[in-house]
Amino acid sequence: MDNTIPGGINITILIPNLMIIIFGLVGLTGNGIVFWLLGFCLHRNAFSVYILNLALADFFFLLGHIIDSILLLLNVFYPITFLLCFYTIMMVLYIAGLSMLSAISTERCLSVLCPIWYHCHRPEHTSTVMCAVIWVLSLLICILNSYFCGFLNTQYKNENGCLALNFFTAAYLMFLFVVLCLSSLALVARLFCGTGQIKLTRLYVTIILSILVFLLCGLPFGIHWFLLFKIKDDFHVFDLGFYLASVVLTAINSCANPIIYFFVGSFRHRLKHQTLKMVLQNALQDTPETAKIMVEMSRSKSEP
């Protein structure tokens, strides 16, 4: 059976790439709005700094995949060097996004398990410093990997260095996955099974939903890229169907976070009285709903 359409494009390639473009455009809009609001319109706190950087990583990650899908559908051919540089940039953004999500989960877990230490001894600019370290480390890992594996300089390839860096990159990703899963489980266990009662806030829901979506949609891309793709000796030999499916899922993951913020922030609120700024502020709210209602009632009573 012929799976091509007029123009010579295989339908098994056309449909996933169209989905990547559609989800990518939705994600670009959502992450762009989140970045604008957190960067220029809202007061930033410890967690909003991470979310701002996560939105930035997702924005450029989606932009790269949209460009790649458009070039593929238009049958634009480009040098292998361009392709390898593109995948290096995508690697930086993927590692940075995963690191941001792991940092968010870990910080939230520490704030719940060690509240006194967290509120009294945590340095003021920890989030900003951590985000800077994450970006630098992600960039350094990927540049070194590309250099020693001959991506940036095809005339130079160090087999031992390439193998060592591939192993380190895979180990670092596994470490991030483990930290993300353990901190999330500890957070959920403390919320629902702990001795002291901790009331659920919108920030908890936002973080838990973002992590759940990543584990379902973002994880397959990392597994394919760093466990299957790196094992193969030939760059061109890999399962195209699984690769495209993992890219579609990771596009869904990158565009899901703004939707989660909108859903959590607007839940039980009348949308006609809510601006996007207020919705995002509600999604990052770290006070129980009952406490917020009491504060609003006290304010309304004090007004003449």
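Glycine too: its Cβ is placed from the backbone N, Cα and C atoms.
Per Swiss-Prot, the features are:
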TOPO_DOM  1-17  topological domain 'Extracellular'
CARBOHYD  N10  N-linked glycosylation site
TRANSMEM  18-38  transmembrane segment
TOPO_DOM  39-53  topological domain 'Cytoplasmic'
TRANSMEM  54-74  transmembrane segment
TRANSMEM  76-96  transmembrane segment
TOPO_DOM  97-131  topological domain 'Cytoplasmic'
TRANSMEM  132-152  transmembrane segment
TOPO_DOM  153-166  topological domain 'Extracellular'
TRANSMEM  167-187  transmembrane segment
TOPO_DOM  188-206  topological domain 'Cytoplasmic'
TRANSMEM  207-227  transmembrane segment
TOPO_DOM  228-243  topological domain 'Extracellular'
TRANSMEM  244-264  transmembrane segment
TOPO_DOM  265-304  topological domain 'Cytoplasmic'
Local confidence of the prediction over the topological domain 'Cytoplasmic' (265-304), expressed as mean pLDDT: 63
Segment-segment contact (the transmembrane segment (244-264); the transmembrane segment (18-38)) at 3 or more Cβ pairs under 8 Å: yes
Tertiary contacts of the topological domain 'Cytoplasmic' (39-53) (same chain, 6+ residues out, Cβ under 8 Å): 96, 100, 103-104, 107-108, 122, 126-128, 130-131, 134-135, 203, 207, 257, 277, 280-281, 284, 286
Range from 54-74, 76-96, 132-152, 207-227 with most C-beta pairs under 8 A to the transmembrane segment (167-187): 207-227
Secondary structure content, the topological domain 'Cytoplasmic' (97-131) (per DSSP, counts of residues): 30 helix, 0 strand, 5 coil
Chain residues outside the transmembrane segment (18-38) and at least six past its termini with a C-beta under 8 angstroms from it: 44, 48, 51-52, 55-56, 58-59, 62-63, 65-66, 69-70, 73, 247-248, 251-252, 254-259, 261-262, 276-277, 280
Residues of the parent chain within Cβ reach of the transmembrane segment (76-96), under 8 Å, 6 or more residues beyond its termini: 53, 57-58, 60-61, 64-65, 68, 134-135, 138-139, 141-143, 145-146, 151-152, 154, 172-173, 176, 221-222, 225, 250
Sequence-remote partners of the transmembrane segment (54-74) [C-beta within less than 8 Å, at least six residues beyond its ends]: 9, 13-14, 17-18, 20-21, 23-25, 27-28, 31-32, 34-35, 38, 86, 89-90, 93-94, 96-97, 100-101, 104, 247, 250-251, 254-255, 257-258
Cβ neighbour count (within 10 Å, all chains shown) around N10 (N-linked glycosylation site): 12
Helix, strand and coil counts within the topological domain 'Cytoplasmic' (39-53) (DSSP): 11 helix, 0 strand, 4 coil
